[in-house]
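Noted in TrEMBL for the protein shown:
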- 61, 201, 205: Zn(2+) binding site (BINDING)
C-alpha cells in the first residue's frame, strides 16, 4: 500500500494549526501539498494513511493537507459532516418505515419529524466548535432512533423479529466509536505510539463500518418483512 518515497513529514508542533486537533499524535503529518501531492499521499506512509483506507468518505482525510490551508480544510470537514448526517438520516428512514408499517396515519409524520431533526443535527454538527460538540449534535438523531427501538421493543411497532438486535448493536458500535474518538484513546495513554496505526480515529472508522454492516443486517429482513406482511384490520 505504501511504496513511494514521500516528502519529509512534520511533527505536531510544525503542522498547520488547523491540523493540530490531536496533540497525542506527535509525528507523521504531511506538509502542505497540491492536489496531485495529496493524491500521491495514497502511496506513502503518513499518519492519515490508515484513516484514508478505512473511511467511507475519503476526500476529507486525503485532501486535509491541501495547500489551500484552513479554508479548504473547513469545506472538507463540512462535506464529511454532511456525509455522516446523510448516513444517519437515510439509514434510519427504512427503520421508521417498517416500525410504523401498520400505523399509516403516524408513519409520514414520524418520517418528516426525523428528517427535520436530522437537518437540525446536521447544522449543529457543521457549526460545532469541537469533536465532542459534533458528537452531541448527532446524539439527537440517536435519541430519536432509541425512541423508535423502544416502541418496537414494547410491541407498539412492527418489523422483522431479527432486526431490532441489529439496530441496537448498530447504535452501540457508533456510540462507542464516537466516544473513543472524543477521548483520544489509546493514543492518550501513549503519545507517539499510535501515530500511524491503531489510533482513536482509525478505531472509530472500523467501528463505523461494523455499525453500517449491522444496519444492513437489520434493514434487509425488515424490508422483506414489510413486503410480505399484512397488517391486521383496525
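Here the Cβ of each residue, glycine as well, is placed from N, Cα and C on the backbone.
The model shown is predicted, which means the values in this text are computed figures rather than measured ones.
Structure with TrEMBL features highlighted.
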| residue | record | Cβ within 10 Å |
| --- | --- | --- |
| 61 | Zn(2+) binding site | 22 |
| 201 | Zn(2+) binding site | 23 |
| 205 | Zn(2+) binding site | 20 |
Enumerate the residues of the same chain, 61, 201, 205 excluded, that satisfy the criterion Cβ within 8 A of the mean position of the Cβ atoms of the recorded Zn(2+) site; list them in sequence order. 48, 50, 51, 52, 54, 55, 202, 204
